[in-house]
Amino acid sequence: MKKHLLFLGPPGAGKGTQAALLSAANSYLHLSTGELLRKEIDLDTDLGKQVKDIMNRGELVSDQLVLEIVKKNLDKDNNGWILDGYPRNLSQVNSLNDVLININQPLEIVFYLDIPDEVLIKRLLIRGRKDDNEKTIKTRLKIYKETTEPLIEYYKDLALLENIKADGDLKTISADIKQKMACR
C-alpha cells in the first residue's frame with residue numbers, strides 16, 4: 001500500500017478531514033502545516049519561537065521555515081505520512097522534492113479534492129468560523145487558484161494525481177480515496 005501521500009484542494013474541500021481519517025486508519029503521520037506550526041510554538045522550540053515572532057508581527061511564515069518544520073517531522077520513524085496543506089506553490093514543491101529525495105521517501109499519490117466553488121462557499125458559510133464570510137472565502141479561493149491550482153497540472157504530468165469528487169458525503173469520499181489507493 002502507498003504510504004507517502006499529499007492532499008490538495010481549495011480551503012474547505014475536506015483535506016484535513018480526509019487526511020485525518022486515512023491517517024488514523026493506517027497509522028500514518030498526518031502532517032498539517034498549521035498544526036505543525038502551532039505544535040512548535042506550544043513546545044517552545046527554537047523554530048517555534050521564530051514562528052511565534054513572525055506570526056505576532058502578522059507576517060507569513062517563510063517557505064524555508066515551513067520546510068524545516070515539515071522535514072523535521074518527516075525524518076521521524078513512521079509507517080507513512082500524509083501532507084495536508086503543503087506544498088502550496090511550485091517553489092515549495094521543488095524544495096519538498098529535494099527533501100523527499102534526500103530522505104528516500106518519494107511522494108506516491110496526490111489526492112486532489114475537487115469541489116465546485118458554489119458548493120465550497122456554501123459549506124464554508126455553514127462551517128461558521130469567524131473568518132468564513134463570503135468576501136473572505138472568495139479572496140481565499142482567488143489566492144488558491146493563482147498559487148496552488150498549478151500544482152494540479154504538475155502532479156498530473158507526473159502521473160501522481162488522483163481526482164476525488166469532494167462534493168459528496170464523508171463516507172463516499174473516503175471510499176473513493178481508499179479505492180484509488182488500492183488500485184495503485
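Backbone N, Cα and C define each Cβ position, glycine as well.
The ATP site recorded in Swiss-Prot comprises Gly12, Ala13, Gly14, Lys15, Gly16, Thr17, Gly168 together with one of Arg88, Arg127, namely Arg127.
Listed ranges 126-132, 147-153; the one Swiss-Prot annotates as region 'LID' is 126-132. Reduced to three states, the DSSP call for Thr17 (ATP binding site) is helix.
Residues Gly12, Ala13, Gly14, Lys15, Gly16, Thr17, Arg127, Gly168 are listed as the ATP binders, and the farthest two of them sit 16 Å apart at their Cα atoms.
Taking the Cβ of Gly14 (ATP binding site) as centre and 10 Å as the limit, one finds 22 other Cβ atoms among all the protein chains shown.
Sparsest Cβ environment among the binding-site residues Ala13, Val61 (other Cβ atoms counted within 10 Å): Val61.
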